[in-house]
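Peer 1: From Swiss-Prot, for reference:
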- Glu198: active site, proton acceptor (ACT_SITE)
- Asp164, Glu199, His297: Zn(2+) 2 binding site (BINDING)
- Asn48: N-linked glycosylation site (CARBOHYD)
- Asn102: N-linked glycosylation site (CARBOHYD)
- Asn105: N-linked glycosylation site (CARBOHYD)
- Asn112: N-linked glycosylation site (CARBOHYD)
- Asn746: N-linked glycosylation site (CARBOHYD)
- Asn779: N-linked glycosylation site (CARBOHYD)
- Tyr296: site 'Transition state stabilizer' (SITE)
- 35-357: topological domain 'Vacuolar' (TOPO_DOM)
- 410-423: topological domain 'Vacuolar' (TOPO_DOM)
- 479-490: topological domain 'Vacuolar' (TOPO_DOM)
- 631-649: topological domain 'Vacuolar' (TOPO_DOM)
- 699-802: topological domain 'Vacuolar' (TOPO_DOM)
- 14-34: transmembrane segment (TRANSMEM)
- 358-378: transmembrane segment (TRANSMEM)
- 390-409: transmembrane segment (TRANSMEM)
- 424-444: transmembrane segment (TRANSMEM)
- 458-478: transmembrane segment (TRANSMEM)
- 491-511: transmembrane segment (TRANSMEM)
- 610-630: transmembrane segment (TRANSMEM)
- 650-670: transmembrane segment (TRANSMEM)
- 678-698: transmembrane segment (TRANSMEM)
Amino acid sequence: MARYNPLAFTSGPVVFFITITYTALLIALLLTHLTLPSYPSHPPLGINLTQAWSDLEHITREFHPYNSHANDNVRAYLLSRIEHMMASKKLGSDQVQIIDDNISNATFSSGNTTVYFEGTNLIVAVRGSHDDQAFNDRNRRPDNGGVLVNAHYDSVSSGYGATDDGVGVVSVLQLLSFFTEPKNWPKRTVVLLLNNGEEDFLNGAKAFMRHDISQVPHTFVNLEGAGAGGRAAMFRSTDTHVTRFYRKSEHPFGTVVSGDGFKKGLVRSETDYKVFFEELGLAGLDIAFIEPRAKYHTIEDSTRETSLNSVWHMLSAAIATTSGLAADTSTPDRESHDDAVWFDIFGKVFIVFQLHTFFALCVTLLVVAPLTLIGLAWSLHKADRNYLFARKAFVYSADDDEPIHLYGWRGFFRFPIAFGIATSIVVGLAMMLSAWFAVSWFLLHGADAMRPSALQRMYSLLWLFIGSFCLLVFFTILANNHQVAAGYPSLFCFATVFLANVLSFLELFLAPPKSAYAWNVHQNADGGSRPLTSSATAARSDNRATTDDDATETTSLLSGNRRSFARHDAGRRDAINEGANSQEPESRRRLDLGQPHSGEQEWSGKLPSWIWIVQFSLLAPMIVILVGQIALLLTSALYQTPSDGNSPLYIYTSIAALAVFLVAPIGPFIHRFTHHVPTFLFLLCVATTIYNLVAFPFSEQHKLKVYFVQRVDCDTGVNTVSLTGLDGYVQRIAGNMPSAQQSSLNCSTPDIVTRKELRMCEWEGLHPNVVSPTSQYSNKTRATDWIDYEIFHDDSNNRGRR
């Protein structure tokens, strides 16, 4: 009885190792994505996490949008905290400058909107130990630049603003405490900005641009929030140089895919990053909370929904990044913004390199990989061991021999057919990893059961090579022509698929030469002896498969036993000379062909049965880690954005594609699975599909958001209310509004380009009683008297002012 091999390419080891590997990797990815590192019991010198949490609770007691009393209270509290903090520090007033900016203002136009804004920013500048110039010096040296750290202290009118941007604000306060410790004194000047008015047109950052100190920094770190708790991700960056400093973070988190998605408009919101990079010309990065987006700009953006662990995750990243930038004494090049490729691995390791490097590696691999496989195929051919696409072999020549069938084509088209059908089903369902697995297994296992092939795994890997080659070409073009770095997984995936294929080609060098195998089969057939295999059952199975494959509607019923005299005579001559085997060439020696897998080609019996586990170990971990991270991030960041106006089709297609890439490494090995796992996944697919199609899509934890706008024409007094949201839902919401009960709804496509995927329903609204009708104010509530203004035009300077 043959000994059991725990690494053999059989059902037991395949199911065990693949299940364990995927389970371990997916659990690790989920834990990294959903859990937070604990804050330290002994934080760095100058950091007080208890005080940070107290500050966060104080500034988020009320909604505090710009131009509200609560906003004024928050500003007064922050200013008092800064002054109190500086009173207890040893750095003198010549090293720390507090700027209570009530002067800077901004006027700008965008489309049909003109904005005039008066800033109320708070700025603290910690002079660097290497900075010997005045902050207002217009001729500051390029090598004397500083670092800007920004957060905004205003909230939206519908939320407390704990993560948007309370955590960023308290992080800035702690950075001030950190850098004013003599041991932490930075080499470069650190400008700490608490701006007011980000939620409306990024006004606070635009007002900062008008202040002289805005010319001091040459890099920036922007702290933002678009969720409620969780990890703070390195959301986007301007170039490779500044991104490398984030690598020093204790718990790095993020991928360049988020930055590319932001550039392509997948997230319909902006941050102060836009002003600092595009208008001030600074190099820097965004560190932001990105989920759960359902709580973004809602009443649930509160301290109850976040934690001190979240505060520490953002603060620790800000400390590491800002410290690195402030210690960098190299001369900045404001004209050079080399795009970066960056991603983390399990929140522990941060990889960053230039997009140019990515392009060079892609081109190199696209050239080297095919040439290597072609070289290996040629070597196999020269060694007479290339069974790929080999239909038959001859003992002597094609003129006088009956062919010995090798069945090298068997299984070639299985993988692309199964892959295409399974992928189509996944895209059609817009969900379900289980659907792809179940359908692929049914097709590939069924084909293997009917026509077993030792080359099915190798052909599947070849198809993966072709597919990943095309994918890498696509992303290489995107990287070179459009500076899109999101395709970085394709480089690593193609490299692993290439190495797995190299192993498959090398494996064939251990197969017997085709001529030797043909001679052995010929000898066994003519001499009436059995092949020298370890199992007669395997031989009979292989012979049965051979007969089935040879038979056609034109095949003679006697062809299986037919012998010519010449053949019989040749067999006798061979039998007579059988004793001289030791003096004959390798192709004329008897071979121990080993035991092939049930029904597979007899020549495959001696191939090592453990190669598959090396191939799987190359394929699965890298692909699952890189693609799984992106899938989790995009799903959590984008699943709520259709209510913002994003196209659901693009999001569903992206998720389906990522789901397919995630399970594709199983494809070459899936035909060895028993029915138990696919059956379970199929039932899971059916159950979850029914639930997802029947269940109401929104809940308390996953709310539907709509845009509410009320317009009052100050000339005519016409008052219009509108709700903009998802078609089919916004009509029901608007119809239940009390003010709409007696009015007719007018639903149409919004004029705003970014909301074309939504519907806007309008009706005549209630008149807004800004001032009580019984009050003694002179202008009462007449809309025509709400605004009094005059416009002066200075012809001499061609300037206008309000």
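Each residue, glycine too, has its Cβ placed from N, Cα and C.
Surface or core, plus neighbours and distances: that's what I need for these features.
Peer 2: When Cβ atoms from all protein chains are considered, those within 10 Å of Glu198 (active site, proton acceptor) total 27, not counting its own.
In the three-state DSSP scheme, Asp164 (Zn(2+) 2 binding site) is classed as helix.
Annotation note: Asn48 (N-linked glycosylation site) sits in a coil segment as assigned by DSSP. Proximity of Asn48 (N-linked glycosylation site) to non-local residues of its own chain (separation of 6 or more, Cβ distance below 8 Å) is seen for Gln174, Ser177, given in sequence order.
Taking the Cβ of Asn102 (N-linked glycosylation site) as centre and 10 Å as the limit, one finds 11 other Cβ atoms among all the protein chains shown.
The C-beta environment of Asn105 (N-linked glycosylation site), restricted to residues of the same chain at least 6 apart in sequence and closer than 8 Å, consists of Tyr116, Phe117, Glu118, Gly119, Ala207, Arg210.
Following the DSSP three-state reduction, the secondary structure of Asn112 (N-linked glycosylation site) is coil. There are 6 other CB atoms within 10 A of the CB of Asn112 (N-linked glycosylation site), with all protein chains counted.
DSSP classifies Asn746 (N-linked glycosylation site) as strand under the three-state reduction.
Around Tyr296 (site 'Transition state stabilizer'), a 10 Å sphere centred on its CB holds 23 further CB atoms from the protein chains shown.
Long-range contacts of the topological domain 'Vacuolar' (410-423) within the same chain: residues 389, 435-437, 439-440, 443-444, 447-448, 451, 453, 455-456, 459-460, 463-464, 467, 549, 601, 656, 660, 664, 667-668, each at least 6 residues beyond the stretch ends and with a Cβ under 8 Å from a Cβ of the stretch.
Proximity of distant same-chain residues to the topological domain 'Vacuolar' (479-490), defined by a Cβ-Cβ separation under 8 Å and at least 6 residues beyond the stretch ends, is recorded for 256-257, 259-261, 339-341, 343, 355, 358-359, 362, 468, 471-472, 623, 626-627, 630, 661.
Panel annotation: around the topological domain 'Vacuolar' (631-649), residues 29-30, 33, 233, 255, 257-258, 261, 266-269, 290-294, 296, 655, 658-659, 662, 702, 704-706, 725-726, 752, 754-758 of the same chain, lying at least six beyond its termini, place a Cβ under 8 Å from a Cβ of the stretch.
Beyond the ends of the transmembrane segment (14-34), by six or more residues, the same chain brings 230-231, 253, 346-347, 612-613, 616-617, 620-621, 624-625, 628-629, 632-633, 636, 666, 669, 672-674, 676-677 to within a C-beta distance below 8 angstroms of the stretch.
Here the transmembrane segment (358-378) has Cβ contacts under 8 Å with residues 341, 386, 388, 465, 469, 472-473, 475-476, 479-480, 485, 488, 490-491, 494-495, 498, 501-502, 505-506 of the same chain, all six or more residues outside its ends.
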Peer 1: Taking DSSP states H, G and I as helix and E and B as strand, how many residues of the topological domain 'Vacuolar' (631-649) are helix, strand and coil?
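Peer 2: DSSP classes over the topological domain 'Vacuolar' (631-649) add up to 14 helix, 0 strand, 5 coil.
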Peer 1: Between the transmembrane segment (610-630) and the stretches 424-444, 458-478, 491-511, 650-670, 678-698, work out which stretch tops the count of Cβ pairs under 8 Å.
Peer 2: 491-511
Peer 1: Within the topological domain 'Vacuolar' (479-490), count helix residues (DSSP H, G, I), strand residues (E, B) and coil residues, in that order.
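Peer 2: The counts are 7 helix, 0 strand, 5 coil.
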Peer 1: Tally of helix, strand and coil residues over the topological domain 'Vacuolar' (410-423) according to DSSP?
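Peer 2: Across the topological domain 'Vacuolar' (410-423), the residues distribute as 10 helix, 0 strand, 4 coil.
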Peer 1: Select the closest residue to Glu199 (Zn(2+) 2 binding site) from the following recorded positions, measuring between CA atoms: Asn102, Asn112, Tyr296, Asn746.
Peer 2: Tyr296
Peer 1: Taking the centroid of the Cβ atoms of Asp164, Glu199, His297 as the Zn(2+) 2 site, which other residues of that chain lie with their Cβ within 8 Å of it, listed in sequence order?
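Peer 2: Going along the sequence, the neighbours appear as Ser155, Val156, Gly159, Gly161, Asp165, Gly225, Tyr296, Asp301.
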Peer 1: Which one is it, among the recorded positions Asn102, Asn112, Glu198, Asn746, that lies nearest to His297 (Zn(2+) 2 binding site) by Cα separation?
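Peer 2: Nearest by Cα distance to His297 (Zn(2+) 2 binding site): Glu198.
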Peer 1: Do you know offhand how many angstrom separate Asp164 (Zn(2+) 2 binding site) and Tyr296 (site 'Transition state stabilizer') by C-alpha?
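Peer 2: Roughly 8 Å, rounded to the nearest whole number.
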Peer 1: Would you say the transmembrane segment (424-444) and the transmembrane segment (678-698) are touching, if the rule is that at least three C-beta pairs must lie under 8 angstroms and be 6 or more residues apart?
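Peer 2: Yes, the transmembrane segment (678-698) and the transmembrane segment (424-444) are in contact.
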